[in-house]
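Heads up, the thing below is written out as structure tokens.
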Amino acid sequence: MSMSFDLNKYFVMGTANCKREPLLVLEEALQAGITMFQLREKGKNALKGDAYAEFARQCQKLCQTYKVPFIINDDVELALTLNADGIHVGQEDTGIKQFRSCAKNKIIGVSVHTMEQLEMAIANGADYAGIGPIYETSTKDDARAPVGLTLLQEAKSQYPQFPIVAIGGISVENSFIVRQTGVNGVAVISAISHSDNIKEAVNSL
Ligand code: 3NM
């Protein structure tokens, strides 16, 4: 059993997603009330090596201050080194069984794009699934075709107790209709990281 967590307002970010100092963006989002944070350091100018680890440590420290779970995308080694609260993996990333065996009480999230992948994630012991992209997104280079709201509805009707977060193209404007599917929360990058008023964006999501 992993530690408790709340998917309600899940902010995902890496340095490439920020137009301002990333740690300031994160702190404003934390102050505004995000419930979960995932460091997703991707792209051609992504931090590497010590700079990446140090940035991750600083993000973790902020999350600890605000008592928000700190999740690392696709990097089991760093997650274990930093004793992060959890890891988020895609379909192509390291299997979750490996992470679970060395981190029993950690949060494990998996990105899924079909009902079959969702069933597999649950069978493999994931703690939550991210379903997406719900809408078109320009943030993820290799994003698949949007799955729309029907997959969220199907997932929640078949697995009402399993925590599900919607991701991909979610904005302040469309988050209301996304939430009507019964999902546990919305995960966003640009709706927060590109916002000129993070407090308002987080409040409105
Ligand atoms: N994963 P934005 S879509 C990181 O479909 C990510 O699994 C997705 O960025 C998936 O909120 C996506 O700016 C990008 O659209 C989300």
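One is the number of the first residue shown, and numbering goes on along the chain from there.
The backbone N, Cα and C atoms fix where each Cβ goes, glycine too.
Because TrEMBL annotations are produced automatically, they should be read as predictions rather than curated entries.
Together with Gln38, Leu39, Arg40, Glu41, Lys42, Asn73, Ser111, the 4-amino-2-methyl-5-(diphosphooxymethyl)pyrimidine site in TrEMBL holds one more listed residue from Lys9, Lys19, Lys97, Lys140, which is Lys140. In the three-state DSSP scheme, Lys42 (4-amino-2-methyl-5-(diphosphooxymethyl)pyrimidine binding site) is classed as coil. Close contacts with ligand 1, defined as a Cβ under 6 Å from any of its atoms, occur at Ser111 among the binding-site residues Glu41, Lys42, Ser111. Distance between Cα atoms for Gln38 (4-amino-2-methyl-5-(diphosphooxymethyl)pyrimidine binding site) and Asp74 (Mg(2+) binding site): 10 Å, as a whole number. Taking only the Cα positions, the spacing between Glu41 (4-amino-2-methyl-5-(diphosphooxymethyl)pyrimidine binding site) and Asp74 (Mg(2+) binding site) is 9 angstrom. Within 10 Å of the C-beta of Lys42 (4-amino-2-methyl-5-(diphosphooxymethyl)pyrimidine binding site) we count 16 further C-beta atoms, all protein chains included.
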